[in-house]
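Engineer: Below is a structure I'd like to ask you about.
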């Protein structure tokens, strides 16, 4: 199994609920190491650049508004099959369809306020990690 890195974002709704520590505990219990982390309040241009892949989608404007509505916690997770493992921990995008015990089933309110973002593929993860952690801000453990 390959050691990978993936980007995770704890979104404004989950930050406001004070569940960062509970979410981090799930990452670590699943064997994912947090190798970089920072809290940031995204500006509109940053959110628009990060989610540019969705620019033509009908939900783009609402997504950007939500992501700039409060601080987010951004982290790089490292471990075996980190991308897939994180996606399994997150659960389905719609918390109503998410499996019991997943982050979204436990902490998300709606398909829009769905607690977390995670890279969907190894290639995407590389670009997303570089977006938030350019240079040498990642420290292997």
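Heads up, residue numbers simply count up from 1 along the chain you see.
Cβ coordinates come from backbone N, Cα and C, glycine included.
What Swiss-Prot shows for this protein is this:
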BINDING   11, 59, 87, 93, 104, 114  ATP binding site
ACT_SITE  117  active site, pros-phosphohistidine intermediate
Engineer: Based on Cβ atoms within 10 Å, give me the single least packed residue among the binding-site residues 93, 114.
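Structural biologist: Ranked by other Cβ atoms within 10 Å, the binding-site residues 93, 114 bottom out at 93.
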Engineer: For residue 117 (active site, pros-phosphohistidine intermediate), what residues in its own chain, 6 or more apart in sequence, show a Cβ-Cβ distance under 8 Å?
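Structural biologist: Correct list: 7, 8, 9, 11.
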Engineer: Give me the non-local Cβ neighbours of residue 87 (ATP binding site): same chain, 6+ apart in sequence, Cβ-Cβ under 8 Å, ordered along the sequence.
Structural biologist: 118, 120
Engineer: Cβ-Cβ under 8 Å from residue 59 (ATP binding site), same chain, 6 or more residues apart: which ones?
Structural biologist: 112
Engineer: Give the number of CB atoms, excluding that of residue 104 (ATP binding site) itself, located within 10 Å of its CB.
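Structural biologist: Counting Cβ neighbours of residue 104 (ATP binding site) within 10 Å gives 24.
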Engineer: Around the Cβ of residue 11 (ATP binding site), how many other Cβ atoms lie within 10 Å? Please give the count over every shown protein chain.
Structural biologist: 23
Engineer: In whole Å, could you give the widest CA to CA gap in the ATP site formed by 11, 59, 87, 93, 104, 114?
Structural biologist: 21
Engineer: If you run the three-state DSSP split on residue 117 (active site, pros-phosphohistidine intermediate), which class comes out?
Structural biologist: strand
